[in-house]
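The annotation region 'Disordered' is assigned in TrEMBL to 1-115. Annotation source TrEMBL lists compositional bias 'Basic and acidic residues' at 8-19, 100-115. TrEMBL lists 165-244 with the feature domain 'OB'. For 265-548, the entry in TrEMBL reads domain 'Aminoacyl-tRNA synthetase class II (D/K/N)'.
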Amino acid sequence: MASAGGKIHVDEDVGKDDPSADGSETSPYKSLLFAHIQHPPSQTDGPQYLMRKSETGPVSEDGDPESRKEWKPATKTALKKSSNLYEQHKRKQAKGNDLALRERSEQEKRQRAQQEAMEVRIKEDPQLPKAFKIRLNENDPALVKLRKGTSQKDVDYSEGRGSRVRVTGRVHRFRAQKGVIFITLQDGYGFLQCVLTGDLTKTYDALTLTQETSMEIYGEMWEVPPGQHAPDDRELHADYYEIIGKAAGEKEAITTRVAQDADPQTLLDYRHLVLRGETSSSVMKVRAALLRAYRHTYEFEITPSCLEVTPPCMVQTQVEGGSTLFEFDYYGEKAYLTQSSQLYLETCLPSLGSVFCVAPSFRAEKSSTRRHLSEYTHIEAELDFITFDDLLVHLELVMSKVVEHVLADPNISKLVYDLNPQFKIPERPFMRMRYSDAITWLREHDIKNEEGQQHEFGDDIAEAAERRMTDIIDRPIFLTHFPAAIKAFYMKKDPQDSRVTESVDCLMPGVGEIVGGSMRIDDYDELMAAYVREGIDPEPYYWYTDQRK
């Protein structure tokens, strides 16, 4: 304990500013401020503060290190500085105490309100018209009538001007004002603003409402008053509701777990919750519309049409190079997840005609760039009896028709431009540029390769250079006739120039490569030579080689 004479000891080298110290010679504090806090100074009989630096303090004139252990009264300068810091500490502590008192008072107030709210019971009025259930996007005026104008009552069916409906969904967002709660409900089909008033706002469920709580709400449909805004310019004036499932709040609330400024990796870990947001759900809806458009285009917009088939995902051959294969054991045999279904689609051509598939592809490329996905949905097609020019015409038609069909739906079109306000419909006709001309263009515009050197024929043009060229030209480009050395083994060589293949990448401004394609080697001996050139064992490809027989 500190000495009875009121002496408080501070050793700035070995002291401790924690409850284990008491200010005695054997258990000193580390700082003068902490000593002030534990033993406040006084104008009359306050303690005396003694200080030292037992290990780093100055030694005596004769160099005796023991002099460091001598206790000396704190200097006036040190006392003044510490007193100022102590006054700041007291003010901060007082402020904290006031805040804690206010928070405690607010907490008690909330608890009393919640206790009172538990006594509030709401019931559906059996005298009201029977409510019928609708989806939140139901806007048929013959089914859902909107009440207009004003009324002395929040809900009034006396003149039958508004339909009484029943809706279910999750609380997407809400805000509470004095005597009214505005809830935006979401059910995956649309959004609807619901207005709670009167006793509906006084229940325990209303006071403890959380985002993503699932509810069933009954009420009258109204037009939104002039100058106000709500989804589809309408709102439901509630007369009754039930909580189906209460969502977690506080630390477990969805806004805490997937905050907008959260780290991207955290958002990926909580993808199942992120999908409830407007951006991610909009992406999924546009994606679904895109797939519908592709299927419609392949079946009805091109001649001859393409039939959809479903090739396997577990395979025993590579398509795009062995370094990106996901390998696994298939009952004692080596197998892989497919990189592409295009070779399998070829086997369908003789009996089914032109075909396409919508299937997952897998690439074992451990990278976080937007061009590297371990799994993605791959849309592929194989066409029978065509020329290379036919292929380019087909690709341009398919892409243009798909965009046309997606944007034809006003709801999807709105989502597209909400997600990407700068989206532009691809300009037709697409520009055609040979690989060799692209190399010349890059050299003329001083766009260098990844090693900082001028591009040479045979370079695999990197994404950055490719995108820069496309953005400068600012129109879709069919980049064609790549060197055989940098393309897949099955691509057919150009009859006019055996150095290059009849291959194509479609480059889109602001995006880069979005489509790749080629003609296929159709000669048996040439295909066998390609296996040898690439060091590929042809035996597992017997089914593909058979097509050339």
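For all residues, glycine too, the Cβ spot is worked out from N, Cα and C.
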Let me spell it out: take the compositional bias 'Basic and acidic residues' (8-19), skip the flanking residues so only those 6+ beyond its ends count, and list any with a Cβ under 8 Å from a Cβ in it.
2, 25, 27-32, 34-35, 38-39, 47-57, 71, 74
Kindly report the helix/strand/coil residue split of the region 'Disordered' (1-115) according to DSSP, in that order.
52 helix, 13 strand, 50 coil
DSSP on the domain 'OB' (165-244): how many residues come out helix, how many strand, how many coil?
11 helix, 48 strand, 21 coil
Taking every residue in the domain 'Aminoacyl-tRNA synthetase class II (D/K/N)' (265-548), what is their average pLDDT?
94
